[in-house]
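Asks: Next up is a structure, given as structure tokens.
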Amino acid sequence: MLIGCAPGQQAPPQRPPVTVTVASPVKKKIVEWDAYTGRLEPIEFVEVRARVSGYLQSIHFDEGQMVNEGDLLFVIDPRPFQAELDSAKAAMSQAQSQLQQARASMGEAKAQRLQADAQVQLADARVKRARTLMQRSATSAEELDQREAEYLQAKADTEAARAGIESAQAMIETANAAIESAQAGIDTAELNLSYCRISSPVTGRISREYVTEGNLISGGTGSPTLLTTITSVDPIYCTFDANEQQVLKYIRLAKSGQRESSRVAKNPVFVGLVDEEGFPHTGHMDFVDNRFDVDTASMRARCILSNDDQVLLPGMFARVRIPGSAAYEAVLIPDSAIGTDQASQYVYIVNNSVIERRAVKVGPIVDGLRVVREGLVGDESLVIEGLLQARPEMEVKTVEGTVEVIEDGLPDDYQTVPKEQWLAPEGSAQSDTAVVHPPATGDFS
């Protein structure tokens, strides 16, 4: 049987061209802000402990409230320490009285010494006169013996006076030592008495009462009783860790002059909490550790943030962004316009209604779009919808679309924070004469 086409039968109609949506990539100045997860930490955390033992007499703060440096927090019963101070002052009075007596004895001994010296001179003169008279037979031997005995007695009185002076000097030294000991006792007693009033060492938010009134608490350096804790509030630290790959990237950037090291400059930092959109909290880098942690293969860094509204609390997690590049003109496209083929990535470009496949190398997401490092210049007609229906060298019909930029709240450029805007813990000061030398091996942030 022969089968053929009937005269006048038409071939099946051609499929219409696939419709794809195209748009030009976004070209704009950007900064690649690297993302980290950090933990908020107080700049100052103080455990308030007793320095002396005793009964807790009174508490002078409201739990969970702000306290200022120097505010009275606790009072320990001061009566035993006041008694010790009174006893030390009494010992001081006694020692001072002993000193006065010793000085009086010294004066008396010196007077006796002068009198004894005069008697020695008089007795010596009488002996000499008696010997002269004896040679002339004008006096008796008994008279000479009497004068010599008087001379020896005067010499003995002189030695006794000298011993009295030495004894009085010893009494003075003993009294002075007693005064020093009494003064040390007074100083110790006054210090212990002052420790009965426990004041806040820092300004910050205080915790609860760990011990209630009337309890016996222990002080000293052994195991002093913990009474409460205080954390500073503003400013506040945020710590985070970077792995070796990130650190090496920053070192290369610093060496090439594209981005300053945070050991030299205060690079800006933006932070957001888990329930916040964007990154409303600003600060700057404050510290970079000097080595990697061998257990985590990461390096610890820290930024400091202003917290005048007291929203940031110690222990919170934070989304941290630090500059990972210098500002530059970038080409941005949506992730939906990127195809993946094994280990490569590509996009479709429409030239004269024909699909062209273009290999690309991409970077991070900025403002909701993917950075294209290689493969596009920004004036192409990029397929942003219909990627799965399109094939290379396929003729297509195009519909114009737009690439939407979703601002992430981060700036498109940045400058290092000037010195007059540096944040510093309360009570600390930045030296105007400090000289900062760049590290020899670079720095990750």
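Just so you know, the numbers here start at 1 and follow the chain as drawn.
Just so you know, glycine gets a Cβ as well, placed from its N, Cα and C.
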Asks: Quick test of your reading of TrEMBL: among 25-52, 165-192, where does it put coiled coil?
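Replies: Within the set 25-52, 165-192, TrEMBL attaches coiled coil to 165-192.
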Asks: Which stretch, out of 257-277, 425-445, is listed as region 'Disordered' by TrEMBL?
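Replies: Comparing 257-277, 425-445 with TrEMBL, region 'Disordered' matches 425-445.
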Asks: Would you please say which range out of 57-84, 85-112, 113-140, 281-308 has the annotation coiled coil in TrEMBL?
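Replies: Of 57-84, 85-112, 113-140, 281-308, TrEMBL gives coiled coil for 85-112.
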Asks: Under DSSP, the domain 'Multidrug resistance protein MdtA-like C-terminal permuted SH3' (330-387) has how many residues in helix, strand and coil?
Replies: 3 helix, 38 strand, 17 coil
